[in-house]
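Peer 1: One structure is given below, represented as structure tokens, and several questions about it will come after.
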Amino acid sequence: MTRGGPGGRPGLPQPPPLLLLLLLLPLLLVTAEPPKPAGVYYATAYWMPAEKTVQVKNVMDKNGDAYGFYNNSVKTTGWGILEIRAGYGSQTLSNEIIMFVAGFLEGYLTAPHMNDHYTNLYPQLITKPSIMDKVQDFMEKQDKWTRKNIKEYKTDSFWRHTGYVMAQIDGLYVGAKKRAILEGTKPMTLFQIQFLNSVGDLLDLIPSLSPTKNGSLKVFKRWDMGHCSALIKVLPGFENILFAHSSWYTYAAMLRIYKHWDFNVIDKDTSSSRLSFSSYPGFLESLDDFYILSSGLILLQTTNSVFNKTLLKQVIPETLLSWQRVRVANMMADSGKRWADIFSKYNSGTYNNQYMVLDLKKVKLNHSLDKGTLYIVEQIPTYVEYSEQTDVLRKGYWPSYNVPFHEKIYNWSGYPLLVQKLGLDYSYDLAPRAKIFRRDQGKVTDTASMKYIMRYNNYKKDPYSRGDPCNTICCREDLNSPNPSPGGCYDTKVADIYLASQYTSYAISGPTVQGGLPVFRWDRFNKTLHQGMPEVYNFDFITMKPILKLDIK
């Protein structure tokens, strides 16, 4: 496992001499070519049909089966940037092989960071070694069940698309293994890669597998269940529609990659094979969630806690995990309703969230928001509820802040009891962020003001925060004076209808410093593993935009 970095501090692994040589070779041969920026790795994967293996070269070749780059800029901007195009090469491949080589290339390009991310997150999730056996057993059964259904129902479009996603994760594993072998490091196991992809699901799976001593209500820290803030804002004359998302979780998860994928999957039931989204090393999903899809759909998500432990006992392995269902729905759906229908199948009851599916095809600027513009989808174990909520959006905004919207979901999850015991902070209408969004959303008129509200934290002066650095849009639990811990809001992504048409967004990594809040430094929390991360987070918003064109040489 790589732990490089000057002064013994966790840092990014240095590129191996061979890889560096291959990266520099084109510069030595073609002197007219401008030098590549430091830390940008190019690679192309070639499927070898006879051997059923993948060959990889450290060049960008548009005739290859998957090609792309990884810009390892985590230390300078807080983000790595990955862009991959697959299935556009000189040979015709099946959709499964296209997905496999796309996964392979991602694994090959990002393996060192995948290792770091696993190292950082494992101790956050597995606090007792005894739970790991139960998790592994559950996940092995779930994987076996999934693959059995993919084989059995080849003509079913849902299972066919599930097969594409599983081919991609298999490729990710093989590609990461290839890179590890080249560098002489220990390869990650397939289970470790599945564990990474299931981080969101594990937030509910682990409590469901843990024995509860009594019926006591466990109230989690504000960030440890992956809580987030999201906002969709429509301007008064429908001149523009803006959307944004700020992730909350442990700061141990701050190793970030923004991804642009373009996979040439030809299937009558595929609606989106090109997408841009915020993500993490080794994740084939966003987790946040923040997706811009070629179907014209935007997907945002915030997490709902399930305080009803009886519900969590309903979780079984013969289901599809949330990350898998999100990926299948993203690929297949061309409308909010269709997304909700697909996502509802084989509900695992893990990573129980509120999803906002915004259909930009239904938005007629300066004219109307047609029916179907916004669907809200919420999941708990054994039940998914969704509804068309464009009417609310027409009034100006849709906020999301970790309290369920649908009454049944709210009641079954145990929120009424929480309100009874702990007060209105847990209610849908009077949660602190509900009040702040209601008060301030009218000030959002463009991407700059959207950035401002989504990084907002004025906990010392805002009456709705009552002195608590997490009773606000962008939480800083590390500033909680009685009991600081390294968790909270650590990113923001912002876009509008115009940017989305170019798969573009503005993104910032790290805890908010708005209003003069102190910059986050790891030296205050050195016991928390943060391998591969910058020591200090003080970055600006950067523009995320895919740059690979068909005409690359």
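Every residue, even glycine, has its Cβ placed from backbone N, Cα and C.
Residues or ranges marked as signal peptide in Swiss-Prot: 1-38. Summarising the annotation, Swiss-Prot assigns N-linked glycosylation site to Asn71, Asn71, Asn308, Asn308, Asn366, Asn366, Asn411, Asn526, Asn526. Annotation comment: Swiss-Prot describes Cys470-Cys475, Cys474-Cys489 as disulfide bond, evidence class similarity to another entry.
Map these features onto the structure and tell me what's around them.
Peer 2: Under the DSSP three-state reduction, Asn71 (N-linked glycosylation site) is assigned to strand.
Under 8 Å, Cβ to Cβ, and six or more positions away along its own chain, Asn308 (N-linked glycosylation site) finds Trp412, Ser413, Gly414.
Classification of Asn308 (N-linked glycosylation site) by DSSP places it in coil, neither helical nor stranded.
Taking a C-beta cut-off of under 8 angstroms and a sequence separation of 6 or more, Asn366 (N-linked glycosylation site) has the following same-chain neighbours: Gly237, Phe238, Glu239.
DSSP assigns Asn411 (N-linked glycosylation site) to a helix in the three-state reduction. Neighbour density for Asn411 (N-linked glycosylation site): within 10 A of its CB lie 13 other CB atoms from the protein chains shown.
Taking the Cβ of Cys489 (disulfide bond) as centre and 10 Å as the limit, one finds 30 other Cβ atoms among all the protein chains shown.
Long-range neighbours of Asn526 (N-linked glycosylation site) (same chain, six or more residues apart, CB within less than 8 Å of its CB): none. Secondary structure from DSSP puts Asn526 (N-linked glycosylation site) in coil.
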Peer 1: Three-state secondary structure of Asn366 (N-linked glycosylation site) from DSSP?
Peer 2: coil
Peer 1: If you count other Cβ atoms within 10 Å of each one's Cβ, which of the disulfide-bonded residues Cys470, Cys474, Cys475 has the most?
Peer 2: Cys475
Peer 1: Helix, strand or coil for Cys489 (disulfide bond)? Use DSSP.
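Peer 2: In three-state terms, Cys489 (disulfide bond) counts as strand.
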Peer 1: What is the separation, in Å, between the Cα atoms of Cys470 (disulfide bond) and Cys489 (disulfide bond)?
Peer 2: 9
Peer 1: List only the single closest residue to Cys489 (disulfide bond), chosen from the recorded positions Asn71, Asn411, Cys475 by CA-CA distance.
Peer 2: Cys475
Peer 1: Please report the number of other Cβ atoms within 10 Å of the Cβ of Asn71 (N-linked glycosylation site).
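Peer 2: I count 21 other Cβ atoms within 10 Å of it.
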